[in-house]
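The next block holds one structure in the form of structure tokens; read it before the comments.
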Amino acid sequence: MANEDQFKKVISHAKEYGYVFQSSEIYDGLSAVYDYAQNGVELKKNIRDYWWKAMVQMHDNIVGLDAAIFMHPTTWKASGHVDAFSDPLIDNKDSKKRYRADVLVEDYCAKIEAKIEKEVKKAEKRFGEAFNKQEFVSTNGRVVGYQEKIDSILKRLGQSLEKEDLADVKALIEELEIADPLTGSRNWTDVKQFNLMFGTKLGASAESAMDLYLRPETAQGIFVNFLNVQKTGRMKIPFGIAQTGKAFRNEIVARQFIFRMREFEQMEMQFFIKPGTQKEWFEHWKETRMKWHLSLGMGEDNYRFHDHEKLAHYADAATDIEFKFPFGFKELEGIHSRTDFDLKQHEEFSGKKLQYFDHEDNASYTPYVLETSIGLDRMFLAVFSNALVEEELENNTTRTVLKLPAVLAPIKAAILPLVKKDGLPEVAQKIVEDLKWDFNVTYDEKDAVGRRYRRQDANGTPFCITVDHDTLEDNTVTIRHRDTMEQKRVKIEDLKDIIKAEVDVKHWLQKM
Ligand code: ATP
């Protein structure tokens, strides 16, 4: 399936099966805002829990926090967001469409990268078993040329953005002859900076109202609470504070479903460390976070690191974990070495000391910070799009199956009476009553059992449990596995253990 078709299929499947709806759809929707429906809310919760378990519960030196979305406005002055949290935008004068200038250039590079991938695929076919990808990409003249071009473009983009040389960003777009992807026009305005924070007001009367921002990241709630948590929790460095919650950004272009939203959820962890140890902790968290991703079994080839050329104002090292979405490799998670920038800024703007007293060194210092920051919605899209497959079956039919990692699936098992009579529904209902203490399960008696299997496959349910006439005799049921479609006869009393073995968080996280 072409990538674009696959992406369309992901969006329509997410709607059809009650995962994601456009916000306020009856009013024609609100751009880049989405609602999670009955299955989506469960998948999202399971992803959040999987992250929380790995980051907080499994680390005795990481604790949680739930800071408010509203923060004192000086927070955003101190953090640098008021002055520097902006993206370079460019308008097309003919189509009146607005773009992120850096994304136009990055998409141009992605096209060259697609050419590299094509060459690699061709060579793979030609050389068969003997093919060595590493050697090919470093020696094939055409591929090396493509790669050099990408590197030099991205380097120049990074440098121009770093120097705030927006005229050069425009010059680059013109030199590369980048056209409006929708209309082909090359009639561009100058590049301007656009601040991404949403403003709002707090207070009843116009005179006394205070200008506020909706937080554009959850991290600052952690920084301003750093000392409260450290003192009340008697935390010793190194330690972390983790938080999940909503963040808001007035994104210039948001056309990629839940990949880039104006209201989204982040899962962030700030790890406070001794100055000078940031390099080793950076490597540690890079590795740990990648292991977390790989534990879900979504394919090693679908991930890669992308080190930043252009560092944000607060960072001394940064990398992204990129995932292969239906529209190509894109950032899924950021890992940033934030130095002592944030705490120092908050000290300066608040006039309060935010230092840590190290008993071993008998000295106070402002800790350095290592951050891991992942978008929950992006993770949802990664999991969901990766799971959706069309499978050719032996009898020349196809089935649509959502192969969600069982630990994340919204519904773990569907209990199906073979027919709607002879006391089978009652037995099935009884199984539901027993299992629902431990798992999210569902009951389904409508349509032929084959149709029900397909419905549960498309819904991502890992197990179907069928009650038939033999059940009445021997207390056994058929359990069918979503991915293998294998069916087994098992005792009702064993169901709980069988399901647990595959959906238990421990079973998955132990792969880390
Ligand atoms: P991008 O370059 O894609 O705009 P970013 O570098 O600005 O992302 P960060 O500020 O590092 O993103 O935020 C951390 C994480 O939050 C990202 O890795 C991403 O998963 C998520 N995220 C950021 N912006 C959005 C958004 N508009 N919609 C959904 N998720 C987002």
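Heads up, the Cβ atoms here are built off N, Cα and C, so glycines get one too.
Feature annotations, courtesy of TrEMBL:
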{"type": "BINDING", "residues": "Arg100, Glu217, Phe264, Glu265, Gln266, Met267, Glu268, Glu371, Thr372, Ser373, Ile374, Gly375", "note": "substrate binding site"}
{"type": "DOMAIN", "residues": "176-417", "note": "domain 'Aminoacyl-transfer RNA synthetases class-II family profile'"}
{"type": "BINDING", "residues": "249-251, 259-264, 331-332, 375-378", "note": "ATP binding site"}
Distance from Arg100 (substrate binding site) back to Glu251 (ATP binding site), taken between C-alpha atoms, in Å: 9
Neighbourhood of ligand 1 - binding-site residues from Arg100, Arg262, Glu268, Thr372, Leu376 with Cβ under 6 Å: none
Spatial separation of Leu332 (ATP binding site) from Thr372 (substrate binding site) - C-alpha basis, Å: 11
Neighbourhood of Arg100 (substrate binding site), C-beta criterion under 8 angstroms, separation at least six: Asp87, Pro88, Leu89, Ile90, Ile252, Val253
Rounded Cα separation (Å) that holds between Arg378 (ATP binding site) and Gln266 (substrate binding site): 9
Arg249 (ATP binding site) in three-state DSSP notation: coil
Spatial neighbours, same chain, of Arg249 (ATP binding site) - Cβ under 8 Å, 6+ residues apart: Leu196, Met197, Phe198, Pro216, Arg262, Phe264
Pairwise Cα distance for Gln266 (substrate binding site)/Leu332 (ATP binding site) [Å, integer]: 11
Cβ neighbour count (within 10 Å, all chains shown) around Ile374 (substrate binding site): 26
Binding-site residues (Arg260, Arg262, Arg378), the one with most neighbouring Cβ atoms at 10 Å: Arg378
Integer mean pLDDT for the domain 'Aminoacyl-transfer RNA synthetases class-II family profile' (176-417): 94
Using Cα positions only, nearest of the binding-site residues to Glu268 (substrate binding site) (Arg260, Leu332, Leu376): Leu376
Whole-number Å value of the largest CA-CA distance among Arg100, Glu217, Phe264, Glu265, Gln266, Met267, Glu268, Glu371, Thr372, Ser373, Ile374, Gly375, listed as substrate-binding: 25
Arg260 (ATP binding site): secondary structure state under DSSP, collapsed to three categories: coil
Among Glu251, Glu268, the most crowded of the binding-site residues [Cβ within 10 Å]: Glu268
Nearest-integer angstrom distance between the alpha carbons (Cα) of Arg260 (ATP binding site) and Ile374 (substrate binding site): 13
